[in-house]
Amino acid sequence: MHRIRPLAVPRAFIRPQKVNVPHMQSRAYQRIPFGSSNKQQYQRFSARSGIAQLFGRWASRPTFYRDIGIITAGGGTVYVLNLEEVPVSGRRRFNFIPASVEQSLGESTVAEIQQTYAGRFLDDNDPRSRMVKRVLERLLPHAFEAGKGLSEMAWEVHVIDSPEMNAFVVPGGKVFVFTGILPHCRDEDGVAAVLGHEVAHVIARHTA
């Protein structure tokens, strides 16, 4: 008696079985008991809810309104005491950086520039240095009228032999002009436009 073997089914006709893989998430959850049963309820925990809890605890304190008043009065006092009038425009602005800090920042910037471009500063008798200095002398009287304390600064002109198209004025009246920008200025009027823009930053104390 012969045994009948089961018919082999090609793999192409076998339906693949689906395997449910739980999705892993790197989120923190807080477990909270649900009623008196053994079932558990999960609630997502986030930084926002933590901040809300801290604020809620603070708001529940009896000194909450007193704390709010002290913070508001302190912030308002600091703001009012550091208001100043902007030169030329006359508008008011908040500025808590004193001029002494700007002066110190300018001195450190000058030292860094002198170290970076050592040996590349043009002599004062160089025609390019004389031209930049001549333009600055034309601008300064107008700057002195616009900004307070500018006439007390020791203004200096430094022309750096470098192809960079740049020019700037450091707090304290130190003017730096790179030779790379001079051909684009074409003449003294172009140099005056560049230096006038940079001097205006010092007048308005944009460093602060």
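Glycine is treated like the rest: Cβ placed from N, Cα and C.
TrEMBL annotations: computationally assigned, not manually curated.
Noted in TrEMBL for the protein shown:
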DOMAIN    130-207  domain 'Peptidase M48'
Exercise. Restricting to the domain 'Peptidase M48' (130-207), report the mean pLDDT as a whole number.
Key: 90
Practice problem: Helix, strand, coil: count each for the residues of the domain 'Peptidase M48' (130-207), based on DSSP. | Solution: 43 helix, 14 strand, 21 coil
